Amino acid sequence: MPSVGVKLYSVFFKFLLKHRLQNRIQSSGDESSSDPFGVTTRPEESVAAPNPLFTDGVATKDIHIDPLTSLSVRIFLPESALTPLEPSTSACVYSGKARTLNNIAGSDLLSRRNSLGSSNSLLSHKVESRRNSYGYTTGSSSPEAGSSDVYRGYAPSSSGGNSRKLPVMLQFHGGGWVSGSNDSVANDFFCRRMAKHCDIIVLAVGYRLAPENRYPAACEDGFKVLKWLGKQANLAECNKSMGNSRRPGGEVKKSEVNKHIVDAFGASLVEPWLANHADPSRCVLLGVSCGANIADYVARKAIEVGQNLDPVKVVAQVLMYPFFIGSVPTQSEIKQANSYFYDKPMCILAWKLFLPEEEFSLDHQAANPLVPGRSPPLKFMPPTLTIVAEHDWMRDRAIAYSEELRKVNVDAPVLEYKDAVHEFATLDMLLRTPQAQACAEDIAIWAKKYISLRGHEFSY
């Protein structure tokens, strides 16, 4: 059984959640509450500021990718992306030049898991001055102290010739459609953990919340980010091609290259972290709670559009305690309807806020993954890892979905965690528990099967 602390926190959590849901329902009755631009976080949410330095092994930055909506992403770039192609040395960027750190046994600096603790504190102290000088744009080797007009974050080398390419993970946070955010303290911690364990670039998606934006806004936002990732890859390739092209008498000027890119793709900027370090042909989707429903939607849309997404390829997805429901209750829905943190009545309220009133049904295609007529056929779905908790009333439907995938020969294992509750690996209070740590390691072990073997991954 969960600990006494978890039980007490669950009571407090459910009280606050019920109060917030009721307030949202009251406000949703006012037509003025509809906002096409949308919101991606709530005032009560504790957020973590982005940090473009590798202070704990992962650098982060926020990008607003759609001028018409509030859709945004937070990029989590692990320090392992700076490892040069030569395995004998590791690279740091110092005053715009590459310097090497030799004779570091076991490459402790780049250890993903050790960087969660403080075992590297002495070494990190020695290189802190170098990390603070990442990406100075003034051209000077030591900008004035206290200068506020100088970017001190990581900036890849303009040549990009020695860049290491990492797979990409699109992460969709939970929160019952109406709360949560990609930059919350809890989600920031979880994404940093996944970036280190999986050795992967994480894009945490800040999708629009309900009731200001109802279905399919959040799901479409998820797919829009996948298309944006493909556009970034094409922009980077175009930039590289134009930069390498020559004309009689000299090289093409950078300004002229940028003009050609703008003419071809519109006024979109190439994201340097992704251009230098991302391999979109190895893309994993990971969704937490209702975010798992978004991940499943994005996977289905990716199958429908097929090669139009090139070079992006979804090679696997991870569904963490998905927010599935249906009109016919399962065994766990009957026995554990009043379980910890998210009980069934409150989740139904959340679905009423998310689905348009005229479309509300517990068998809506966004709610029930096993309704007849849902496309595409399950046999085309990517390998799917499902994480479930013992004390979660949504468990049985997630397991049933996984069983249907296995019937059509999709690799779809289920990992069930004993004495665990919904969001046991992502909720703020539970993030540092042994179960949460073990879950992250299990996800990394499974995901690496599909992101490490080039040429053997799933493709549509």
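Using N, Cα and C of the backbone, Cβ positions are placed for all residues, glycine too.
The feature region 'Disordered' is assigned by Swiss-Prot to 26-52, 132-161. Feature annotation from Swiss-Prot assigns compositional bias 'Polar residues' to 26-35, 132-145. Annotation comment: Swiss-Prot describes SER289, ASP392, HIS422 as active site, evidence class similarity to another entry.
A straight line from the CA of SER289 (active site) to the CA of HIS422 (active site) spans 8 Å.
In this structure the C-alpha atoms belonging to HIS422 (active site) and ASP392 (active site) are separated by 5 Å. Under the DSSP three-state reduction, ASP392 (active site) is assigned to coil, being neither helix nor strand. Cβ neighbour count for ASP392 (active site) (all protein chains, 10 Å cutoff from its Cβ): 24. Counting every protein chain shown, the number of other Cβ atoms lying within 10 Å of the Cβ of HIS422 (active site) is 26. Secondary structure at HIS422 (active site), taken from DSSP and collapsed to helix, strand or coil, is coil. When other Cβ atoms within 10 Å of the Cβ of SER289 (active site) are tallied across all protein chains shown, the result is 28.
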